[in-house]
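S.K.: First the structure, which I've put down as structure tokens, then a few questions once you've had a look.
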Amino acid sequence: MTSVDTLIRGITNGVAPGEVCSTDLVEAPWNFDTGIPAYGPGSSMFDAIPAHSPLQGELPEEYRTASADELHARIMAAKATLGDRVLMLGHFYQRDEVVQYADYVGDSFQLAVKAKASPAAEAIVFCGVHFMAETADLLSGPDQAVILPNLAAGCSMADMADIDSVEAAWEQLEEIYGDMTAVDESGRVPVIPVTYMNSAADLKGFCGRHGGIVCTSSNAETVLEWAFARGRRVLFFPDQHLGRNTAKAMGVPLSQMPMWNPRRPLGGSTVAELEDAKVVLWNGFCSVHKRFTVDQIAKARAEFPGVKVIVHPECPMPVVDAADAAGSTDFIVKAIAAAPAGSTFAIGTEINLVQRLAQEYPQHTIFCLDSVVCPCSTMYRIHPGYIAWALEALVGSASRPSEVLNRIQVADDIAVPARIALDRMLAAKPGHTVSV
Ligand code: SF4
């Protein structure tokens, strides 16, 4: 079994064929704890808007210098000592070297639901990124500690919308749309804010305070139906692609989806465009999914006639349009599991999941659309060294009492409205007939 890490090392050392997007990916993440907020190494290293991920302090030397075998033994020993006191959750996009320790593997929403359904665990070690740990904290019990092993594991897309920029956008839109709470003859307010799960907790709280809602890549259409039943238009953040792909599939014309660039007055749109808008799209994107192209799909079809191309809806619209299907990671996993043996899939999502699926389903041919190996650089920041550090602190020792490190805790003034927005999402049901 070849993990993505092993593959990257092989390519970088010249012993395996292929290409990686950054040779820095062979480095341990603590080599990039520079004290200056920045993304990298990997696919996010050239992002224009690195910003809000919290900083991780220096990992003690014993964890930085330990061999992979030693870290493995220490993690297993700590897990055995902690038993059911700790629940380890692993996102699909984590490297195999991390996923092997997870009690449960899934997408961000599945993992948050798992946290909610596991009240017996005193601590939840979340091997994912910051917004996911926040969501787990929102849904888990008040006495459960959610731990993010490396605080610098953020999400470049989530960071592209921050509360100040969204509040500023809302104020500008209010000047155009008038009283945001006033309902028209159809019973709808001017605009409903919708935030993707991949956003900071304070943005979920913003949606809770303003009649809005959270969505995932699995339920975005249901959530937009919910929103259009209550508002004449939607402000969708932070991922423009999920918003555009979903609204387009619902029949919203592209001409009624202006982009909101938070660095420009009125987001760079005109008053007329915003008045006519059905969905105002925040100018955010996922650095991993924006790498997929229509040319890659054409190449896959030419080389593998009959290939089924499935991409994630965070991919740009032309890629989604050219694919056979688009859906969440859960959708992709289920489509592959349900396919007859001998199927061929070209997948447009993060390489760690694609590589794992290829190994779990040897009866199929499964490959990543992008031939360049380029994992999510922020997911990559969770490393066994940080996991060993967090778990051994929880265990404690004769000379050191048990300690919770890197707890992610959402303040009540944010958590209360954020839970409202999440609860609205959980209660939203598909099948409304709405006029968009
Ligand atoms: S894959 Fe994209 S959306 Fe997911 S954590 Fe990485 S940067 Fe964020």
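Glycine is no exception: its Cβ is also placed from the backbone N, Cα and C atoms.
Under the heading iminosuccinate binding site, TrEMBL lists HIS91, SER108, TYR196, MET197, ASN198, SER217, HIS312, PRO313, GLU314, THR329. According to TrEMBL, the feature [4Fe-4S] cluster binding site maps to CYS155, CYS286, CYS376.
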S.K.: If I take the alpha carbons of CYS286 ([4Fe-4S] cluster binding site) and TYR196 (iminosuccinate binding site), what is the distance between them in whole Å?
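M.R.: With distance taken Cα to Cα, TYR196 (iminosuccinate binding site) is 12 Å from CYS286 ([4Fe-4S] cluster binding site).
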S.K.: Pop the Cα-Cα gap between CYS155 ([4Fe-4S] cluster binding site) and GLU314 (iminosuccinate binding site) into the table, whole Å please.
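M.R.: One finds 13 Å between the Cα atoms of these residues.
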S.K.: So, three-state DSSP: helix, strand or coil for HIS91 (iminosuccinate binding site)?
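M.R.: Looking at the DSSP assignment, HIS91 (iminosuccinate binding site) belongs to a strand.
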S.K.: Please report how many Å separate the Cα atom of TYR196 (iminosuccinate binding site) from that of CYS155 ([4Fe-4S] cluster binding site), as a whole number.
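M.R.: Here the two Cα atoms are 13 Å apart.
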S.K.: Name the one residue among HIS91, ASN198, HIS312 whose Cα is closest in three-dimensional space to that of CYS376 ([4Fe-4S] cluster binding site); these are the binding-site residues.
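M.R.: Considering only the listed binding-site residues, the nearest one is HIS91.
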S.K.: Do me a favour and check the Cα-Cα span between HIS312 (iminosuccinate binding site) and CYS155 ([4Fe-4S] cluster binding site); whole Å is fine.
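M.R.: Given the Cα positions, HIS312 (iminosuccinate binding site) is 17 Å from CYS155 ([4Fe-4S] cluster binding site).
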S.K.: Neighbour count, 10 Å Cβ-Cβ cut-off, for GLU314 (iminosuccinate binding site): what number do you get?
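M.R.: There are 29 of them.
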S.K.: Check the binding-site residues HIS91, TYR196, HIS312 for any whose Cβ is under 6 angstroms from an atom of ligand 1, and report them in sequence order.
M.R.: none
S.K.: Whole-number answer please: how many Å between the C-alpha atoms of CYS155 ([4Fe-4S] cluster binding site) and HIS91 (iminosuccinate binding site)?
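M.R.: So the alpha carbons of CYS155 ([4Fe-4S] cluster binding site) and HIS91 (iminosuccinate binding site) sit roughly 13 Å from each other.
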